[in-house]
Amino acid sequence: MAQLLLFLLSTCLAIDALVRVPMHKTTYERRSYKVNSIAEYLKQKYIKGYKFDSNLAYNEGLSDYSNAQYYGTVQIGTPPQTFQLLFDTGSSNLWVPCKGCRASDLACDFHQKFDCKKSKTCTETGAPFEIEYGSGSMKGVVDNDVVCFGSDQKWCTDKTQGLACATQEPGLAFVAAKFDGILGMGWDRISVNGIPQPMDQIFANKALCPEAVFAFWLNRDLNNNAAGGEMTLCGTDPAHYKGSIAWEPLVSEDYWRIKLGAVTIDGTSYTNGPVDAIVDTGTSLLTGPTDAIKKIQKKIGAIAIINGEYEIECSRIPKLPPITFTLGGQDFVLQGSDYILQVAQNGQTTCISGFMGLDIPAPVLCGFLVMFSLANSIPFSITATSVLDLLNQLPLLPLKRYFRDLINVYLKN
């Protein structure tokens with residue numbers, strides 16, 4: 001069975017067959033935006049056995065979560081306990097703060113906590129659970145219970161769904177987070193303790209979900225009052241895209257890893273042939289090999305400042321060159337407003353390059369609606385619809401996340 005990543009544009013499912021989860025977002029803030037911190041987080045995430053470098057990171061390797069938070073409602077238990085979870089395609093576990101967390105754990109204190117004893121469908125397994133992050137470990141125990149997407153009780157797992165109930169969260173990274181926990185949407189192969197994902201059960205119910213597909217539409221409107229976007233399971237909403245479907249095969253079933261044909265600016269390629277790219281909605285930069293990224297920064301006129309950041313004059317954004325990403329022979333174009341981050345600082349806006357150099361086999365990008373398919377696919381195809389017209393009409397974002405709200409792309413030599 002071919003496992004494919006469905007990139008951009010169209011649906012073959014009826015709208016009433018969709019699970020809709022409205023998403024909320026927070027904007028970038030300069031005080032929490034540190035490129036070195038993001039680099040440490042990505043290394044910890046994608047390099048097995050990597051040791052955290054406390055001299056390079058700002059607070060912790062997870063602080064990049066506070067730069068581009070897209071999260072939505074998930075309910076757990078009977079009666080349901082409601083949580084705001086970050087949807088992360090770069091990890092594969094569901095975890096939420098636990099009622100039994102330590103009193104000194106500020107992140108736990110400031111967020112909604114799951115209480116297994118208040119759910120008549122919950123089972124405490126007693127199995128330990130631990131995820132290593134840059135600044136320490138997230139520790140807890142595994143509980144089994146019903147997990148529901150959004151506020152509709154129709155889209156639920158059964159009571160055997162495993163989840164991590166966190167009794168200890170690392171450092172201060174999660175204290176200010178707007179979300180309570182994380183819902184990993186990567187492959188089971190990288191799941192800690194081998195716990196299957198909740199969406200696996202949703203996809204298994206063919207009566208409700210005829211096709212195993214999920215998709216993100218992330219709103220690029222910088223207005224804090226604007227809707228953050230939407231995640232759908234079992235299909236997409238055609239109101240958020242235009243054209244026909246483009247399919248891209250997965251390279252492997254660990255991360256959402258695809259082949260990126262090239263990255264070009266003004267006809268010059270910045271990759272040595274096709275490269276691997278990982279689609280990661282839990283990371284907020286476009287990352288790639290350091291040498292290639294330095295050349296891109298020079299080409300767009302970005303100036304190196306502190307903490308690994310590159311800055312550019314905001315007035316130059318309309319004049320920046322388009323950057324083309326080639327997938328399956330089709331070109332997808334990012335304009336300057338797509339790959340420059342507009343960061344709030346003391347009431348003013350600073351413009352930061354959304355590219356980061358990182359010499360690891362890590363995360364990825366684009367700048368469009370993205371769908372993920374776990375089922376059989378159709379042949380790769382896409383209309384010649386102008387990406388520029390698409391971007392002008394739709395507030396789409398790149399997966400990643402993400403650069404006004406870019407998601408992120410890793411280019412591996």
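Residue positions begin at 1 at the first shown residue.
Cβ coordinates come from backbone N, Cα and C, glycine included.
As given in TrEMBL:
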SIGNAL    1-17  signal peptide
DOMAIN    70-383  domain 'Peptidase A1'
ACT_SITE  ASP88  active site
DISULFID  CYS101-CYS108  disulfide bond
ACT_SITE  ASP280  active site
DISULFID  CYS314-CYS351  disulfide bond
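Feature annotations (TrEMBL) mapped to structure.
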{"residue": "ASP88", "record": "active site", "DSSP class": "strand"}
{"residue": "CYS101", "record": "disulfide bond", "DSSP class": "coil"}
{"residue": "CYS108", "record": "disulfide bond", "DSSP class": "helix"}
{"residue": "ASP280", "record": "active site", "DSSP class": "strand"}
{"residue": "CYS314", "record": "disulfide bond", "DSSP class": "helix"}
{"residue": "CYS351", "record": "disulfide bond", "DSSP class": "strand"}
Among the active-site residues ASP88, ASP280, which residue has its Cβ surrounded by the fewest other Cβ atoms within 10 Å? ASP88
ASP88, CYS101, CYS108, CYS314, CYS351 screened against ASP280 (active site), Cα within 10 Å - retained recorded positions: ASP88
Ordered by sequence, the long-range same-chain Cβ contacts of CYS314 (disulfide bond) under 8 Å (at least 6 apart) are ILE340, GLN342, THR349, THR350, CYS351
Quick one: give me the count of other CB atoms within 10 A of the CB of CYS101 (disulfide bond). 21
CYS108 (disulfide bond) sits from ASP88 (active site) (Cα to Cα, rounded, in Å) at a distance of 20
Looking only at CYS108, CYS351, the disulfide-bonded residues on record, which one has the least crowded Cβ, with the fewest other Cβ atoms within 10 Å? CYS351
